[in-house]
Structures are given as structure tokens and as C-alpha cells.
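Below is one structure, written out as C-alpha cells, with a few remarks after it.
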Amino acid sequence: MDPSSLSNPHECKVNSLNLVLTVNFEKSQLQGYVEVVSQIVKEGAEHLILDTNKLEISHCNDVTSNPINFKLEEEHAIFGKALIITIPEGLRSVGKEFIVRVYYNTTVESNALQWLNKEQTAGKQHPYLFSQCQAIHARSLVPCQDSPSNKVKYQAEITAPKPLTALMSALSTGKTESTDSSVFTFTQEIPIPTYLIAIVVGDLESRVIGPRSKVWSEPSMVAAAEYEFANTERFIAAGEDLLTPYVWGRYDILLLPPSFPYGGMENPLLTFVTPTLLAGDRSLEGVVAHEIAHSWCGNLVTNKYWSEFFLNEGFTVFVERKIIGRLYGEEMFDFEAMNGLKHLHDDVDLFTHQHQEKLTALIPNLNGIDPDDAFSSVPYEKGFNLLCYLQSLVGVADFEAWLKSYIAKFSYQSIVATQMKDYFIEYFTEKGKAENIKVVDWENWFNKPGMPLNQVVFVSPAAKVAKDLAEITWIKEQGVNATQNDISSFKTQQIILFLDTLIHSTTDNPLSVDVLEKMDSLYGFTNVVNSEYKFRWQTLCLHSGLKRIEPMVVEFLASQGRMKFVRPLYRELNKVNPELAKSTFIKLKSQYHIIASKMVSKDLGLSN
């Protein structure tokens, strides 16, 4: 049973959804119905139970318009309301199919959806709608069994006002037009968990960036996106070489407005990405490699419960870094691993400080906990480190062969960590390497809070140069011997590691304002365009008390809503100027995605 869902796929399993919805920008609503096709899997099952949250349910019918009884349970503060639909007596036998149409509309409180008025878009001519269903927000888009344990096919018919375009995480199958609206149809024939259902409606233009890829965005950003993501096909091909053939057909990218709360979201056929990736030099394209890796790790082989999230994200980070290593040099694997360890250390420290150390376990107990509250680098980086450790025991070639076999074995399934563990043991026992792997302490790896066990040592000369510049030239020598040429030959990842090292190593002894001013005069960090540099530089300045940076922090917080940036910056600003932090958030709250607003409110102590 999934503790994050109120539904009952163990009794009556939903196999497909057919959404028929109209987009109403005036009311900020999706209006219509979903046809739910389910199958009885427990003899005598009396009810189909669906997850809902902040939806208005009007009535339920069968396909011949006969009414079907239903009721909504009391609202759970985190998980919403269970929609309990009565199964007719003649359909309560195992194997019987039960089809019901649920008529409903979303509300302004539906967490999955963000409605932007035209002034909030780049073009300022038309409104815009986009969804974000991970982790448990699909239930505020459509009544469903909102658990990654259950995968469904879906079809959709979306009516949107002209001249807007609708896209979904599904294959587009047609468009018909009337006087003032267009009807777009879609089908997703590969079963997916409901968190991968996605929709966008806006003034969208596309450019071809590969044999199976387009990039979509508002017209003013599409050329920049076309340039930035030009290597997409190379990433897909590298993923196929490492794993199994790409089964989804197309791989399109949607560049969203700045309020999108994540770096990327791996919606099949239509990855969502943030405009903070537009660095102008493709230096942040690693996020696309990450989302492409999800085509296998997460979208094909899926964590059964959110407590097992590392099966999605730890594997994806590992594959992403394998892809980057193959394309840009094997050293990049270790380089990115070293950088990731710093982010993991920071999040472990944060959770420990907040007395939530249990959330730093690789498989945390999420009973009664909103998965959004547990979101951190732990499943990403601790999961990645587990795979690196396992690889170190059996060798790179054999581990990569196992990884390909693992994807092939568990594709189209939702699994738990013990299935992964058992298959690893089975595979390498058959390969004659039982002695190599018997040292693995699976219990502690899975359940012990804190930093990873049996830490693999990563080696990167490029990383050492960046760390030495931070630790020796600036922290030890206070920049006395620093010059403008120090970072002139640095790659983007080296500058990020340099800044991360400064932040991490000066937690207890911040650099002085004078030292930071000298650094800025040499390196010009205050005026950088790259969002990863800007975020880290502003964090470092806040931590060291450089007051002149505060207006620029506010400006950056107003320019985008990516939680990776806004949450830490609000926390740092709140430490040095709580009045400015809170007043800024209150002013900007309405332009952030509702998920980001919820999390920042908690960070600032403005909500329970």
C-alpha cells in the first residue's frame, strides 16, 4: 500500500484514463470529464477509490449516461479527498472491466496547475497554463490512482482558445478548429505513472533540433532554446548505447516561463525545462542529459513508492554522468560526483539542523509526510554513491552490463529497492562474483541516515585546481596572490565547484567583505548571466554580510521561481535581513508556482 495515496489499485486497478477537458482561462479552470477504465483485481471489490485534491466533482456516469453512486471522504490535509465510486454488483468479479466517467473541474487551489496571465509571460499577449504533477499533484489535475505503483495509458481531448497551442506528455494525434477554439487530441500508449501526465497551453512555437526532437517555447525564446539544446540527440544516442533502445518515439523539450519550480521535469515525449538554463554557451545542458536519462530510470523503471525515490533519481544521476563522461571525457564523471557530494553534505546538514535526520536515509519513512517536504539531493546523490560503490566492487564493464540488464528486466514496472538488490546479488552470483559483493551492508545503505557508507574516492585534476583556488588562494591566503587570469581557462563546472567550495568551507568562518570585494573586482561575479554562478555568488555574499548584494538577490528572486535557487536564497536572506526576506516573498508569492510558494512559506516560518 502506498502511504502517499488514498486509492485502491490492489482491489480495482485503473488501466487507462481518457481526459476530455476545456481550458477556461477566465476562471483558471479545466472543465470536463475523465473516463476511467479499471479492472477488478480483488474478488467482491465494491468500490473504485481515486485520489483527488482541490477538485470539484459534479457527478459520475457510466458510458451510457446512467448515474453511478459516489462520495467524497473528509479531506486529508496532505493527501486530499478519496473519491469512492460504487462498482455495480455485476462487475465485482476478478477480471471484470469497470468504466466510469467522472465529471469535474479543477480549482484555483489545484496544486498541479499554474495559470499565468498575459503580463506574466514573455510575449505579454496571451495567457499560459502548465502543469507539474510530481510528486502527488496529479490528483489535483484529474481524479486518478495517484501512486507510482500503478501505471496507466491515457488519451486526451483538450479544447483551448485560439490562437493557443496545447501540448501533453503524449503523442499529438490531431487538431481541429472552430471559430474561436481548437481541439487537440493526444494518446500515450506506454503505461506511465500519473505524475508523468503533463499539459501546457500557450503561445508556443517550435524548432527542430534533431531527428526526433523539437524545442518548444514562447516565440521570443525559441531561438535561444534551439541553440542551447542542440546536443539533445547526442545525449539520447549515448543513453541508448549505455542502456536499451529509446522506446518513446519523440523527445521534445518545452522551455517554460520563469516560474517553473524545477530545473527540469522528465514528462515523456515532452521534457519541461526552466529558462534559467539559457546561459548562452550550452554550459548548463547537463540538465537535459539528466532528463533524458529519466527516459529509462523513472519513466521505464519506476520507484513503486516515493520512499524509494532513489531508484528514479540516483540511477538517473548515475546515467547522466555516464553520458556526460562519454561525450566530454571520463574525468567529468568524477568531477560531477565531487560537486554532488558537496550538495549532499549541505542537505544532510540542513535536515539534521531541522531535526529531520530521518529524511537523510536512502529509504526514508514517509508515512503521513508530504513527499515534497522530503525533497532534497539525498535520493539523487546518496543513491548515485551507492551505485558507484557497487560498481567499484564488480568493475565498470560488468556493472554497466548489469545496468543494461536491470533496465531490460524491470522496464514498464514499478519496483522497490529490495527487487533491485536481489537482482544485483542474483546477477553477480551467477557471474561468479559473490565474494566481491558479500561485503555490501544493504541494511545500512538503505536505512541509516547521514552521509553514504563506504565512500568511493573520486579523482579529478580539474576539480583539484578549482578546490585549491578556493581553499588556498582565497580561504588560506585571503586572495593576496589572486589574479584575473585565475579562472580564465575554467570550465563552467570548475567555476561552480570553486564557488561551492567557498560556500561549504566558510560556513563557520565567512570570508570578509573586503576579500569578497577583491574577488568581485577580479572575476566580475556580481554581473554574471549564468544562473548557477549568480545563485552561488549571492549565497556567498549574503553569508559574508555584503549588504550591497541584497537588492540584487531580490531582483534574482523576482526573475525566476526555480526552487533550487529561491529556497536557499530566501533562507540565507532571512538570516541577515528577515524583514526583507519576508516582505519580498509576500510581494512575489503570487508569481511563484504554488509548490514553490508552499515550500518557501515553510522555510520562512510563515505557514504550518
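The chain as shown is numbered from 1 upward.
In case you wondered, yes, glycine gets a Cβ from its N, Cα and C as well.
Heads up, TrEMBL stuff is auto-annotated, nobody curated it.
If you look up TrEMBL, you'll see Glu291 marked as active site, proton acceptor. With a 10 A radius on its CB, Glu291 (active site, proton acceptor) counts 26 other CB atoms from all the protein chains.
Here TrEMBL flags Tyr380 as active site, proton donor. Counting only same-chain residues at least 6 apart in sequence, those with a Cβ under 8 Å from the Cβ of Tyr380 (active site, proton donor) are Phe310, Glu313, Gly314, Thr316, Val317, Gly340, Leu344.
Taking a C-beta cut-off of under 8 Å and a sequence gap of six or more, Gln132 (peptide binding site) has these contacts in its own chain: Ala112, Gln114, Ala198, Phe260, Pro261, Tyr262, Met265, Phe272, His593, Ile595. For Gln132, Cys133, Gln134, Pro261, Tyr262, Gly263, Gly264, Met265, Glu266, Arg562, Met563, Lys564, the entry in TrEMBL reads peptide binding site.
Annotation source TrEMBL lists Zn(2+) binding site at His290, His294, Glu313. Non-local contacts of His294 (Zn(2+) binding site) by the CB criterion (under 8 A, 6+ apart in sequence, same chain) comprise Glu266, Asn312, Thr316.
What TrEMBL records for 461-604 is domain 'Peptidase M1 leukotriene A4 hydrolase/aminopeptidase C-terminal'.
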Nearest recorded site to Glu291 (active site, proton acceptor) by CA-CA distance, among binding-site residues Gln134, Gly264, Met563: Gly264
Longest CA-CA distance among Gln132, Cys133, Gln134, Pro261, Tyr262, Gly263, Gly264, Met265, Glu266, Arg562, Met563, Lys564, per record bound to peptide, angstrom: 18
List of residues, in chain order, with Cβ under 8 A from that of Met563 (peptide binding site) and at least 6 apart: Pro261, Tyr262, Ile595, Ala596, Met599, Val600
Residue pair His290 (Zn(2+) binding site), Gly264 (peptide binding site) - Cα distance, angstrom, rounded: 8
Near-site residues: Zn(2+), ref His290, His294, Glu313, CB cutoff 8 A to centroid: Gly264, Glu266, Glu291, Ala293, Cys297, Gly298, Asn312, Thr316, Val317, Glu320, Tyr380
Intrachain C-beta neighbours of Gln134 (peptide binding site), sequence separation six or more, cut-off 8 angstroms: Tyr195, Leu196, Met265
